[in-house]
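Structure first, commentary second.
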Amino acid sequence: MQFDAELLLLAMAPVFLACIGWEAWHLRRTCPGEPIYSWRDTFCNAALALMQQAADKLAWLAIIPVYAFFYEHYRVYTWQASWVSFVVLFVAQDLLYYVFHRCSHRVRWLWAAHVVHHSSERLNFSTAFRQSLMYPIAGMWLFWIPLAVLGFAPKQIVAIVLINLGFQFFVHTQAIGKLGWLEYVFNTPSIHRVHHARNDRYIDRNYAGVLVIWDRLFGSYVDENPHDVPVYGIVEPLHTYNPLKATFHEWASMAADFASVRGWRNKWRALFAPPAWAADYHARRAAGSASLTADLSASTSEQSSVNANHTAAFQTTRRP
Ligand SMILES: [Zn+2]
Ligand SMILES: [Zn+2]
């Protein structure tokens, strides 16, 4: 790749801003009664994007040598620059993104970063900017190490991660309906609206980055139903436009749970169990239950369904 990948999103900024301007204008004309944009929400999203971009620039400095280490010592193949190698890299990274995204909804440590993307009650192009500066701490970068082992150089890995992220900007809109056969292959605005919705039928579905084939293959796909309009955000809203609170609220909750829960097994669960564990723990505390010292493992298995976990995950975030 001949361009500086780290500048990709910056180079696309005018396109992103033009899309936001068009969408706001279009929706004001076509849906005048629906406040899909608000200045405070959009500024919060923009602030989160700037914070995340700055953190990412620093993080790549530390992470690229790790990829270089695996590329130098453990790669199983050496690719010649070609369209074939690009397609392999693109598909492999998109599959790994699916794994990362699904884990982000199932492991509280990762959810603590990813919840930022979901905590707005609006969905528009600017929601794509709503990212967490804590992704490097959460360990998102670990999911791309297999690409170095597959034989892709660090610069190529960074580039494909950013290309995938850049594509995802375009699925954050309510201004575009279904897109016919594309819905079978690609992540689309309709498919991603479902992912951002908190309706029972939509929660914890459609993890796609660029290709939706992974959701269809692994059973996490659901169609947008015209009779069940998506309701966006988290089950108990954050009620803040403060980007720092949006970034750190789940980490603070997790740290408090880690400190207060008894037993190392439960401390482990406070960090890595599905977010449903935390919801159950909070509910017990709120109820003044005497069972806090009991083994809390039952709470995880009781709420093992994907939907219940995700609902509960959101519940953890709305704790007062
Ligand atoms: Zn998500
Ligand atoms: Zn999204």
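Note that Cβ sites are derived from N, Cα and C of the backbone, with glycine treated the same way.
Since this is a predicted model, take the numbers as computed values, not measurements.
Per TrEMBL, these features apply:
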type	residues	note
TRANSMEM	6-25	transmembrane segment
TRANSMEM	80-100	transmembrane segment
DOMAIN	86-220	domain 'Fatty acid hydroxylase'
TRANSMEM	133-153	transmembrane segment
REGION	298-320	region 'Disordered'
COMPBIAS	302-320	compositional bias 'Polar residues'
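Sorting each residue of the domain 'Fatty acid hydroxylase' (86-220) by its DSSP state yields 86 helix, 3 strand, 46 coil. Below 8 angstroms of C-beta separation, residues 110, 140, 143-144, 146-147, 150, 152, 156-157, 160-161, 163-164, 207-211, 214-215, 218 of the same chain, each at least six residues beyond the ends of the transmembrane segment (80-100), sit close to that stretch. Mean pLDDT for the domain 'Fatty acid hydroxylase' (86-220) in the predicted structure: 96.
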